[in-house]
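Sequence annotations record features per position, and here TrEMBL assigns transmembrane segment to 20-43, 55-78, 98-117, 138-160, 180-205, 238-258, 270-294. Residues annotated as domain 'G-protein coupled receptors family 1 profile' in TrEMBL: 37-292.
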Amino acid sequence: MNGFLNCSANHTKIWSHYLVLALGIPQLTINVISIIFNCTVIFTRLATRDLHKPISILFCNLAISDLFTSFSGFWISMLFITNPDITIFGSRDMLAPYSLYTMSILSTIYNLVSIGIERYLAVAKSMRTRFRVARNHSIAVVFINWVLAFFLGCLPLMGWNCLHAQSNISVLYSPFCVNYLVFIAMPNVAVAFLVPLFTYLRIIIILRKRKLRMQACGQATGTYRSAETQVARTSISIWLLALVSYAPFLAGVIFDAANQRCHGELYPGVYIFRNCTAMLITLTCLGNPLLYTLRLRALGAWLKAPCGLWASRVRACAAIGHV
């Protein structure tokens, strides 16, 4: 079990001033850039009145989640720069920013999963299902995502913290408890990896089947092949971004749960790793607008998921088959 029971209670300053600046300033910079990017996304969506589309609601909500993540990350970075030792030994001052940070990350994960499912349904509906995601469905999903993220993220504020229970306190994210971090990280990071992996693989497989059917009747075009390649690349980029961002955090939580050493023995390497994982998560908030909202060339093909092109070609192929 983790904890500080056998560690010295003398909370002396152990951070180097230069190391604090070397870690804190890049964190602040990335968070500020992410805040600007996501504010731009939100204002652009509102100005263009694009929220009548279900997918646009999910994109806008993703930007809001990333904005909260970046803001809370900025808050934590400021606390780290002004008083870095409270990020090691724990303080009541860290509960609110850490809880907001957790809630925002969870909301981002749920939004990424929701977008992947919506894109899968948009592609698959022309094959087997006639279910269409409506605006009301997206609004309901957004509401459920935030309620769940708010409840799970605020559990430490409601009492599940280790301010007065040193035997289970996290050495990386004090005053959070290790069992809380395991409870939050394990299932949610697994969802962030597995659900998008399934949905995007299914999208690629469906488009590949469509291309083979079009080739069978001589209807495959260079445009469709190019679109299929762009869809595959964008889907892989989305999944890799999640993997690079959340896998180190999960590794840190696993290390935290298995750790038997005191905080002084872990300085500085483990705490540098912790701060780097926070920067990687913020990079996700910076990458999401680029991949989802700023209309990259590959994203244009992914959003269209050439359903209409495929449907028209298949009808032509069917007509040829009946001649």
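Glycine is no exception: its Cβ is also placed from the backbone N, Cα and C atoms.
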Close approaches to the transmembrane segment (138-160) from elsewhere in its chain (Cβ under 8 angstroms; 6 or more beyond its ends): 54-55, 57-58, 61, 65, 95-96, 98-100, 102-104, 106-107, 110-111, 114, 118, 175-177, 180, 184
Outside the transmembrane segment (98-117), six or more residues from its ends: residues with CB under 8 Å to it: 55, 58-59, 61-62, 65-66, 68-69, 71-73, 75-76, 141-142, 145-146, 148-150, 152-157, 173, 176, 184, 188-189, 191-192, 195-196, 199-200, 238, 242, 246, 281, 284-285, 288, 292
Long-range environment of the transmembrane segment (238-258) - Cβ separation under 8 angstroms, sequence gap at least 6: 2, 109, 112, 116, 170-173, 178, 181-182, 185-186, 189, 192-193, 196-197, 200, 270, 273-274, 276-277, 280-281, 283-284, 287-288, 291
